[in-house]
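Annotated region 'Disordered' per TrEMBL: 1-78, in sequence order. Marked as compositional bias 'Basic residues' by TrEMBL: 1-11. Residues annotated as compositional bias 'Low complexity' in TrEMBL: 53-64. Summarising the annotation, TrEMBL assigns domain 'RNA polymerase sigma-70' to 190-203, 363-389.
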Amino acid sequence: MPAKKVTKKGKCSVSSENETDSREGVLPSSSEELVGKAFQGIKIKSSSKKSAKQSQRGSKSSASFGLGGSGNEEPPMDFQGFIVDEVEENVSIAPEAILPPEDSEPIDSEWGPNELAESSTEIVRYDPLTAYLREISRYPQISKEEEFNLAVRYREHSDLKAAYKLVLANLWLVVKIARDYEAAARNVLDLIQEGNIGLMEAVKNFDPYKDVRLPSYAIWWIKAYIIRFIIANWRLIKIGTTQAQRKLFFNLKKEKERLEREGFSPMPKLIAERLNVRESDVIEMEQRLSLPEMSIDAPISQEDSDSNLGSIIPSGEMDAEEILSRKQTKELILSSLNEFSSVLNEKEAVIFRERLVGEEKATLHDLAERFSLSKERIRQLESRVKEKLKAFLIEKFGDRMEKLHIDL
């Protein structure tokens, strides 16, 4: 049973009798179990679609490690170069920059919601983010030599405990990067969760023999997963899928403001030149960002609540009458083509079947060798067959050619 102890301020807190000091390199059993579960299996499973409610219960990412990577593989989706800033070869950012002040009251991650304030009638607000920051502050950074040794153990011997330590020692880096994108997300814990998946993917592909620190390499993977999550969840409809759209999503507003400060009118053509994208992409992204989302199940008006927008959108499916008409037209045209082929001589019939209506067209060179003719002569015969076909169809169908969608 946990033992209670009273602080000088009169607050009641709870501590475990078998509590260990993780700063000495010993992982708490609960944390080791949590990270261990995340590394089971082979594939990375992104949780981009999890709700904000789930993320507030804790940043529990589902991911895994496996050997066989080529080492320092590139992060997905071509994110380098247009969103992330240049970084030094060896990044060193103190975790204290992302943690609450040392003199602030600590929050126990298990008992925090029940901790009482000085007044017996007031309950301290439980902040999941603060609790998470307190939790990861228990894991110290590691030196370059220790990082190298752990990475070699995982890469060469599939030592999952070494992978655990590499991830836990760099959780602060994920928080630091997620804070940079906090304005673009409803909940920073969602970004941290996705960034943790990117961190584990970075550890999986990290090559310790390339003389680069893990944080420098992991930055690209962390940002890639965070950016992908933001774009996928900005709205119900995905707002960007191509590299140009992702670039515009993050830079369109800033580029407009920059042009206005410089005295220019932020026209789509000028923005496209500055960002090296197509003008049509700029116009499309402006519409996506400015127009509101509308549900096809929403009623058309308050008076007519039974009708919705989906009922007035034309269906792209053909009705039975049109399907039957097209089938009959296709059969008629095929029958006519067979009839036309029967009036051609041997060479013209082969050219008609293998150059004009065949699925795999024969080359002029192949036909020239087959008939011992020049390629130019085969081309002349092909032109003559086309003229004969045009005359045959006009004679057979006349004014109905346009209705039958016959284009010569």
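We count from 1, first residue shown onward.
Cβ coordinates are placed from backbone N, Cα and C, and glycine is handled just like the others.
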Mean predicted confidence [pLDDT] for the domain 'RNA polymerase sigma-70' (190-203): 94
Composition by DSSP (helix, strand, coil) of residues within the domain 'RNA polymerase sigma-70' (363-389): 23 helix, 0 strand, 4 coil
Secondary structure tally of the domain 'RNA polymerase sigma-70' (190-203) (DSSP, helix then strand then coil): 14 helix, 0 strand, 0 coil
